[in-house]
Amino acid sequence: MTEPLRIVFAGTPEFAAEHLKALLDSPYQIVAVYTQPDRPAGRGQKLMPSPVKQLALENDIPVLQPPTLRNAEAQAELAALKPDLMVVVAYGLILPQAVLDIPRLGCINSHASLLPRWRGAAPIQRAVQAGDAQSGVTVMRMEAGLDTGPMLLKVSTPISAEDTGGSLHDRLAEMGPPAVLQAIEGLAAGTLEGEVQDDSLATYAHKLNKDEARIDWSRPAVELERLVRAFNPWPICHSSLNGEALKVLAATLAEGKGAPGEILGASKDGLIVACGEQALCLTRLQLPGGKALNFSDLFNSRREKFAIGTVLGQTADAQ
């Protein structure tokens, strides 16, 4: 009877934890988990373990959290695990060539885009922001470059006009694990060939930045509507209203002309705000100290705040 493959898993956020769950339910042996060091989170800024670390500890899997894999000590620690394969999903650390060379079958990565489009840190949100018609998961063999390795397997899904960064994330987190298991099976059997990426088609998905979430009302409404969806649930698009922060969680396209940021109308259907081209109808908002509400609820209780002619974003936006 052949021994099960010895797999080292490396990942950090919830997207990665979904992949680890599938591997823990597989016939493979997960010998260790690598994840980012605990980070301060929440109002108290307490050190919090990553979702991957929490799952590993619940299943009695050894957890390693080196700040880097570039030094000889960290590489020797990995080599001592004698891995057949390393599976990497949204880990957040660069793997140098010396690490990629350690596992017998190499290292594979599950990336949340249809490579070579959207290499980099935020492929899900950038796909929604760009108005892409589809997204997916690519399982690739890792190289020293960022998301540049040969593609072993791809699965795709349409991006709907209602998709947010959150809804697309959740869908891809379901699609990725079966694709990884299929790729492992093919690699172990020696039946899977990699397809070289066409670098001329590559685009880069820059890391999300809170400053990007500040709404510039001079931009076309079609761009802002996609931005609102892409940045939900994080970092959430925002503006200001009479000097107060205003978070925008949902919006639709609307007709109307006016100065960028000018309130053109308000009803239970939403708050109509002029943009550089067309207008946005803001349908879900959050005011300071309150919870996110549909605009119909705000309109009933705070109608006076949304006077026609008021201009959003005139003062410095709160973070």
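Using N, Cα and C of the backbone, Cβ positions are placed for all residues, glycine too.
As given in Swiss-Prot:
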BINDING   SER113, LEU114, LEU115, PRO116  (6S)-5,6,7,8-tetrahydrofolate binding site
Just name the most isolated of the binding-site residues LEU114, LEU115, going by other Cβ atoms within 10 Å of its Cβ.
LEU114
Using a 10 Å cut-off, grab the number of neighbouring Cβ atoms around the Cβ of PRO116 ((6S)-5,6,7,8-tetrahydrofolate binding site), all chains included.
20
Proximal but sequence-remote residues of the same chain as SER113 ((6S)-5,6,7,8-tetrahydrofolate binding site) (Cβ under 8 Å, at least 6 apart):
ARG119, PRO123, ILE124, ALA127, SER135, GLY136, VAL137, THR138, ALA205
